[in-house]
Each structure stands twice: as structure tokens, then as C-alpha cells.
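Single-structure report; data block below.
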Amino acid sequence: MATQVFLPLWFFSMITYFLSTKATIDNYIIHMDLLAMPKAFSSHHNWYKATLSLAMKNDHNTPLPSNKLIYSYKNVMNGFSASLTPQEHELIKASPGYISSILDAQVKLHTTHTPKFLGLNPSFGAWPNSQYGKDVIIGLVDTGVWPESESFKDNGGFTNVPSRWKGQCENSIHFNSSNCNKKLIGAKFFNKGLIAKNPKIKKISMNSTRDIEGHGTHTASTAAGSRVYNASYFGYATGTATGTAPMARLAVYKALWEEGAVSSDIIAAIDSAIEDGVDVLSLSFGFDRTPLYTDPVAIATFAAVEKGIFVTTSSGNDGPFLGTLHNGTPWVITVAASTVDREFHGTITLGNGVEITGLSLYPGPDVISHTSIVYDMAFCNDTNELHKVKDKIVVCEENGLVSLDDQFFKVENSKVFGAVFITNSSDILFYLQSSFPTLFVNPMNGKIIKDYIKVGGNGSKASMSFKETIYGTKPNPSVDSYSSRGPSYSCPNVLKPDIAAPGTLILAAWPYATPVAQLGSKNLLSNFNLLTGTSMACPHVAGIAALLKGAYPQWDHSAIRSAIMTTSDILDNTMKHIKDLGNGKKATPLALGAGHVNPNKALDPGLVYNLEVQDYVNLLCAMKMTQKEIKAITRRSSYNCPKNPKLDLNYPSFIAFYNGKKPSSNNESKTLVHEFHRTVTNVGEGHAIYVASVTPIKGFHVSVVPEKLVFKMKNEKQSYKLRIEGPKLMKKQIDFGYLSWTDLKHVVRSPIVVTSLPST
């Protein structure tokens, strides 16, 4: 194959040479000294291409074969990988700037890092069983896409675009149909509503699907990015970046702009996605506290679900307060954000040899050597004082007088040599990617540093090193503090969020022209970026939904959602209940949802809770919506309300409100009973017996009838009733337990929440 590509580029007399060396061509990773790059080259990439051309004895005007230069590296190393003959390899070794080379050997997959954290493995489970989400089409409504990213390349493993696809790639400014391929199969943009609403906007910053914000590129590659080797954020999180469903197709709909976003454009984008034929829709945005019938996401996604599209949405970033959740729509899956078992570190080495590790994502030089270090809170609290120690490392400590935010801002603008911040705060994520050498340490380690400075006085010295990535940190996952909590404002009787997924410091693709960080006042560029938010959690679940869709094309949206929820994990990697970083306690289902997503277990859920579109209409009726309000969502009056609709959806979770008045007399009942009716479908083996067990909730009596479900065949349905009895007005704000249906192979778990929070 390689010979066929090369033949047209060489004179006929070279045919014998290529045929004789074909068997020995191999891939090499070449490490180059960037300082040796001649000034004539505008970029390292061009230098590498020229070096490779010389090794091939090419004329500079002759383009390189497309498969000759495999990758150019900038952050992990300075260099490139290329497909070379032994003779070409020897010539490169003799070229200016060459440092070393290694044979491109078969590597054990080490992702960056969430697919591995989620248990995705090429040898077993959801990846091979679904063929990595092959031919499932994921649509994303976001800020666009950077099509040149390696994450969206057609790597040769894709067949023709599915014939059911009706979308296209729109030609526009800096984006045309040739930017699409068998991976990125759709690209459209929508801003007519934004322009009409804001006449002062004379020119859209990038009037095309091209992404200059970065958010859309990041989410798209998280959901379904192709494998990219040696990805990193300036040396942090180095590894192989891959989307959750790497063989799924992508269609991007740009409706969020630098100038703003309006609901009319978002609805138009979702409308187009439905028309084009996406299978999964990922929406990493939402609208504040609005009823379902005025919520653009709720309205547009109802139509999507009608068409068989699975919709994932983010829960919002307004945590840790209760009732801050966005996208509480009952027909979508709402995703909370969790941490992963990875931390980014730097080390400070004191003059006495003691090494202390802290958190950092400083993107600059790896090492800062032997510099004076001082500790005086007067420096940290006063910009004028900080100017006196410009050439030193300053140690600051969070206290009740000056916030960490204020200290950080003052130190950052003082141009000190470096800084160490002593803090117990878990809310430091947004300081880690600092423009100056920074380390965050806990009070215990901070005391060691302060004691050293106290003894050493003005002679105290320290060195700082960066770009350390630590895996397997415990306890993880946890629900991060920023993730919005339920209950849902728009539909409180359906427990939300549904599920938690990785959202904190997620490495994914980024537009190379958009700065990711600063070094002093200099903007830094990278092909990858680390972002945090429920926006990052949402596409993980979109990718998992694509895997399930690939494995079970016949499953509808409710079966996929049920499988994801009932097989999720509630224990962290210390085998304790997952924590809520907002309060340091056990995460309730109002923060965690049903649990932390586990894609391999979701592949075999045993039982699923199915829902039809009419079931959602019945719920809207029970919410006492008017026909006009219901029609605003359903778009037609053909859906009819039953005589006695109930606020009881066949959902894989339960929430009961105990917020009534205390009994006024001894004759009045002191307790309140909530009953829930559920029907489950056996998607496991033909014959199965499931037994119910309930985690006790103090002060409440929870029972299940029947306690045993017997299935004789696959796809058989069985029903049960869950009854909760408790005080009309419970003392605690929230308590919870779980209902588990267990056979010899499966645990089908649903969260149960009792709460005194308002239900309207």
C-alpha cells in the first residue's frame, strides 16, 4: 500500500528501490531540539517537513506524501513521528537538531484519562460489543468545531457515511464542505435569531461552523473524538486522547456564539438535527428556572425523543446549592459532574532538601531553580509590598481577612517570581491554570514551608518543578461542588439529576488558534485543553448512549437511560459511598443522581424501565398544565389527558415530598403515604427471578409488593408497587435509600429520596 502511494512522486527509476525496502519501512518517533530550528522556518511543523523532505531527497517544492509525516509534536516533546525506511532514518539522525529516536512500538492504551476511569477497554465490554459506537451519529449543539483537530480526522477505519444521513456541511467563512469527512459528517450554523435580537451586532466574529470559543470542539471530541496519541496540556495529562465512542460519527450545529446565544437559534439547530437524522443529541447548556412549556430545550427535545433520538443535557454549574438544576426535563437524561482519579502536581524543594507536593497546572518551564522564598502576609495583602519581592517566591495563606481570590489576583499582577498558596479550599480549580509559577498546598504542608522560612530567614531558598500527573488518587469519583443540585424546578416529581459523569479537568480537543493559557502576558496555544463543568460530563454520557445504541439498535431512549441509571456506581475507589465535595458528606441523589455512570455494566442491565411519549403527556396533565401549555410542548392536540392522571412516571428513581403541616389534632393522621407503580422489562436471559431489597431510611417505612419478580422469557414485563410511609413534615431536609432488584447476575438499583423541600 505504501509503495502505491509513493510511486507517482518518484521517477520511474526509483521503483526498484521502493520495492526492495517496502518490507522494512517502519514508524519512528523523532525528538528534535527546537532551539536548533533555523529562523527561516515560520513554525516547527514546517521545519520537520523540511527535515523529512531532505531525508527523502525530495525537492522542497515537491509535497510530502500524505502518510509520510504522521504527527507533529509540540507539548509532549519537540519532534515528530514519521514512516521511514532505514536509510531515511539514518539521514534524519545526521540532520541538524536531531536528538534521538525510538521505534514506534505497540503501546498499551493509556488514555487521558476518562475512558479508562470509566472502565472502557478494547478487550471486553462496551467498546468491542458496540464496535466503539460504529455508525451511530452524535449531534452536538454548541460553539462549533475546529475541523483540523486530529480528534476529527478520518483515520481510515470508517466505512461510507450511513445512507440514512440527510445532513450536510455548509460552506461558509473559513469552513467548507471539504472540512468534513467520514468522521465529521455534518456542520451547520445558526445565528439569524441572534442578529435579529441584537441589531448592534454588525459582524459575527466567525460566521461559520468553525469554533473559535473552544467549548464545542472540546465537547465533540469528548463524545466521539478519534484516537490521538501523545496528547497533553503542556506536559500534563500526557497519553492517548480518545472520545467515549471513537467510531461514532459527528454532526455539529453551531448556535452558541461569542456574541451570545438565543433560544430561536438553538431550537432551529435542534430542528435541523432531527431532520438530518442524528441518533444521539448532546446539549451542554440550559436555561434558568423556567416551566417546561417555556423551556426551549424541553420543547425542542420532546420532538427529538418522539423521533427516537436520545438526548443528553448538562445539569448546570450553579452548585452546591439545592434547587439550582437546569434541564430537569423528564424525557432527557440530566448529567451531573464528578471528579476523576487524576491530579496535576508540582513540587517545591526547600533549601534543606525537603520536598512538598501541591496542585498546579502552570504551563511554563518545568523547573525554577534555587530562588529566595519569603513568607509575610503583608506581601500577599498589599500590591505595593509585593513589588518589593519581585525576584522571590512568595508564600501566602488564606485567612478570614483576605480571600484566596484577592490574594491570587494581587500576586498575579505583581510579577513575583513564583507563589505558594496555603489553603484548605477545594474550590481552587479555576486558579490552577495560572500564568505564573504557582503551587497550592494544604495547611499541614504549608506549616513545613513556614517553619523552614522562619529558621532560615533571609537565606531561605527553594526550587519549584511542574508537570507531574498522578493517577489513582483517592477517594474518587466525588460530585464536584459546582455541579447543580436538584430537585428540578420545572418537574420536581421526577428525581434529577439522573446520573453523574466525569466533568472536572477533562482533557479534550481545542482550536489551535484560540489561546488556552497565558505565560506572563504571552498567550499560549495548544491542540488540547483541560476544562471543567457539567458541559464536560454531558458528552461523556452522549458517547456512552452511542455505545449502547450501537450494541442494541432496537432500544429506545428510555431503555438506554434506564440501563445507564440502574447500573451506575454509588461507591468510590475506596469502596465508600461517593462524596459530595460541596459539603464533605455522602452525596445524595439530588447531587449524584442514580450514581456514577458505568458503561460496561450498562451493557447488561437485566431489567429496564420503558416509557412511551404518551406517558410524558400524562405527566404534563397531572402537573395541571392547560391544553395550551401542553400543546406548546407536544405541538399538537392529538394527545389526550386521561381522566385521573398521576404524578407517577415509570422512571428508574423515586422522590417523595414530606413538606406538609404537622397534624393539628390527635385524630389527624401523623403520617403520609406515597405510592409508586412501576413496570420493568426483562432484557436479560429468558428465565430470571429478581428479589427486592431496600436500604432503610430512618423514620420511614418503605415496602415493595411483590418482593419477587419472576420472568419466564426475554422482553416479558412485570409490575410492582413501592410504598413509602413517613411523617407529614420530616425534620431533615433530605434523606435517601435505594431499591435494588437482584438476581444471580444483575443488581438493578434505583435511588429513593424523601425530602421536606418544596414540591412546587
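Heads up, the Cβ atoms here are built off N, Cα and C, so glycines get one too.
TrEMBL entries are annotated by machine, without manual review.
From a predicted model like this one, the values you see are computed outputs, not experimental measurements.
Under the heading signal peptide, TrEMBL lists 1-23.
On the 0 to 100 pLDDT scale, the domain 'Inhibitor I9' (27-110) averages 72 in this prediction. Positions annotated as domain 'Inhibitor I9' by TrEMBL: 27-110.
If you look up TrEMBL, you'll see 133-575 marked as domain 'Peptidase S8/S53'.
Look at D142 (active site, charge relay system): DSSP puts it in a strand. Remark: D142 (active site, charge relay system) has D211, H215, G216, T219, A220, V252, Y253, K254, A255, L256, S282, S284, F285 as non-local neighbours, by Cβ distance under 8 Å and separation of at least 6 in sequence. What TrEMBL lists as active site, charge relay system is D142 (among others).
The secondary structure of H215 (active site, charge relay system), as reduced to three states from DSSP, is helical. The annotation active site, charge relay system is assigned in TrEMBL to H215 (among others).
According to TrEMBL, the feature active site, charge relay system maps to S535 (among others). For S535 (active site, charge relay system), the Cβ neighbour count at a 10 Å cut-off comes to 26, with all displayed protein chains included.
According to TrEMBL, the feature domain 'Subtilisin-like protease fibronectin type-III' maps to 648-754.
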Review point. Per DSSP, to which secondary structure element type does S535 (active site, charge relay system) belong, with helix, strand and coil as the options?
Key: helix
Study note, to complete from the structure: For the domain 'Subtilisin-like protease fibronectin type-III' (648-754), the DSSP helix/strand/coil residue counts are 0 helix, 62 strand, 45 coil
